[in-house]
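**Q** First, the structure itself, so that you have it in front of you.
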Amino acid sequence: MRGTRAQTNTGRKEGVNLNKQQKQKKETTIDSYYSPNGTEGERSANDKPEIPANWIQAVEELKTQLREAEDNREKNLKIKISHLETEALELKQENSVLKAKIIQLENEAKEMKDEIKRMKDDLQRNSDQKEKDDQKAKDEIQSLRTRVKQLESSDLTRQQDTIKQNKKNEKIEENVKHLIHKTDDLENCSRRDNLRIIGLPEDHNKRKSLDIILEEIIQENCPKILEQEGKVEIERIHRSPPIFNPQLTTPRNVIATFKNNQIKEQVLQAAKKKPFRYHGNMVRITQDLSASILTDQKAWNMIFWKARELGLQPRIKYPSKLTIFLQGKVWSFNTTEEFQAFINKRPDLNRKFEVQSQNSRESSKGN
């Protein structure tokens, strides 16, 4: 088979060479035929008939035209070949550009494949991690539910304990209030023989003892008591608080304990009827009470003085109850709120208290 292919190629080459020789022979024969100096023309000059001159000129013109046509054809072929070479070069360049693009696209495709693979791996990892997280969250939720149930159970137990404790605390508070009330009552009972002297200047007891000063106050303001009872026996008398505070502008109160409760009550009733004086100074004598009772009674001060100015004959009774005399009837109030609700139902009385309160404020500003 290899020999057959070689013979075939050799035959083809010989055929091509023969064609080329025949063409050259034909061309040479024609040129030599019409050439004035050709050998063939000389050889056949005697045999051929004489050719007319116009034919020869036409042949020459035709040869010239053929040469020009061949030149033009060669030029056109060269131009076409140049164009084809340019186009081939451009195509080659485009081909190289396309190859570069193809290589780039292949690289990009490879990168995309790698990226897709990486993304798939990431998604798979994320999916696995999400499943783990979901499972962990489910476990935590279950744990939290268990803890919530435990907390609810313990909270219910605590609530029950709190209710029990609140009941105990309420009972303790009631007991404490009862004990405080009993303590106050006991303290006030222990003070029942005491009188409190308010407003006695501090310099008086520098010259005289307090028991002598008290006897002089009684002598000056209610001498009948001394005339009936003779000498007033004092068990104990002192200033309260016992430590002198130089920052206080008002004199300390004097606490006097009477041996005879009847004399103490007579002095107290006399002090309620009229204000007492001692050497020109106004002094006030009241029942000695515990600090809590005094605080409760102090809340009535403004109302007490307003009611007195309106002629309602106010009284503060033990422990801290206010009474007034209105329209022929005695009214009593345990708290200031009860009194405020009472006057709110009586516009005339409420208006009087408001006017009186305004006048009191204006007078206090003027002073």
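For all residues, glycine too, the Cβ spot is worked out from N, Cα and C.
Caution: TrEMBL annotation is automatic and unverified by curators.
Summarising the annotation, TrEMBL assigns compositional bias 'Polar residues' to 1-10, 151-163. Sequence annotations record features per position, and here TrEMBL assigns compositional bias 'Basic and acidic residues' to 40-50, 118-142. Marked as domain 'L1 transposable element RRM' by TrEMBL: 192-288. Marked as domain 'L1 transposable element dsRBD-like' by TrEMBL: 293-350. Residues annotated as region 'Disordered' in TrEMBL: 1-52, 118-169.
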**Q** Could you break down the residues of the compositional bias 'Basic and acidic residues' (118-142) into DSSP helix, strand and coil, giving a count for each?
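**A** The compositional bias 'Basic and acidic residues' (118-142) comes out at 25 helix, 0 strand, 0 coil.
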**Q** Short question: which residues 6 or more past the ends of the compositional bias 'Basic and acidic residues' (118-142) have a Cβ under 8 Å from it?
**A** none
**Q** With DSSP helix as H/G/I and strand as E/B, how many residues of the compositional bias 'Polar residues' (151-163) fall in helix, strand and coil?
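**A** Its residues fall into 13 helix, 0 strand, 0 coil.
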**Q** Mean pLDDT across the domain 'L1 transposable element RRM' (192-288), rounded to an integer, is what?
**A** 81
